[in-house]
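K.L.:
Straight out of Swiss-Prot:
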INTRAMEM  87-107  intramembrane segment
MOD_RES   Tyr19  phosphotyrosine
MOD_RES   Ser20  phosphoserine
MOD_RES   Ser23  phosphoserine
MOD_RES   Tyr27  phosphotyrosine
TOPO_DOM  1-86  topological domain 'Cytoplasmic'
TOPO_DOM  108-162  topological domain 'Cytoplasmic'
Amino acid sequence: MGLETEKADVQLFMDDDSYSRHSSVDYADPDKFVDPGSDRDPHRLNSHLKVGFEDVIAEPVSTHSFDKVWICSHALFEMSKYVIYKFLTVFLAIPLAFAAGILFATLSCLHIWIIMPFVKTCLMVLPSVQTIWKSVTDVVIAPLCTSVGRSFSSVSLQLSHD
C-alpha cells in the first residue's frame with residue numbers, strides 16, 4: 001500500500017467505431033462535436049446526459065485508489081455501459097418506440113380534431129358572450145353594487161370611551 005506517483009494511460013479498444021467516437025464528446029460545447037455519420041440527436045435533446053466515467057466517478061486529490069484499480073474500474077464502467085445499453089435497446093427500443101408512436105399519434109389526433117376546433121369555437125362565441133355579460137353587468141350587478149354602497153355610506157359609527 002504505497003503511493004503511486006506515475007500517471008497511467010487508459011485506453012479502451014472496442015470493435016464498434018461509432019461508440020468510441022461518441023465516448024469523448026464534449027457536451028458542454030456542442031459546436032466542437034462534428035459527427036461524420038448520421039446525427040441521432042440533431043436538436044440536442046439529450047445533451048444534458050453525462051454518462052462519461054469522469055462525469056460520474058471522481059476521486060479527489062486526497063483520496064486516490066491504485067492506478068490499476070482506476071484503470072480496471074474505468075474499463076468495466078465503459079464496457080458495462082456499452083453492453084447493457086445495447087442489450088436494453090434490443091429488447092426495449094422497438095416496443096417503446098411503438099408505444100410512443102401510438103401516444104403521439106393519439107395526442108396529435110385529439111389536438112387537431114377536438115381541442116383546436118373547440119378553442120376556435122370558443123373564440124368565435126366570446127365576442128357575443130362579452131356583449132351579453134356587459135349588458136348583465138350594467139343591468140343587474142352595477143345597480144345592486146350602487147345601492148349596497150349607498151346603504152353602507154349612510155351608516156356612521158360613534159365610539160365612546162366610558
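The chain as shown is numbered from 1 upward.
Glycine is no exception: its Cβ is also placed from the backbone N, Cα and C atoms.
Can you tell me where each of these features sits in this structure?
P.N.:
For the topological domain 'Cytoplasmic' (108-162), the mean pLDDT of the prediction comes to 92.
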K.L.:
In the topological domain 'Cytoplasmic' (108-162), how many residues does DSSP assign to helix, to strand and to coil?
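P.N.:
Taking the topological domain 'Cytoplasmic' (108-162) as a whole: 46 helix, 0 strand, 9 coil.
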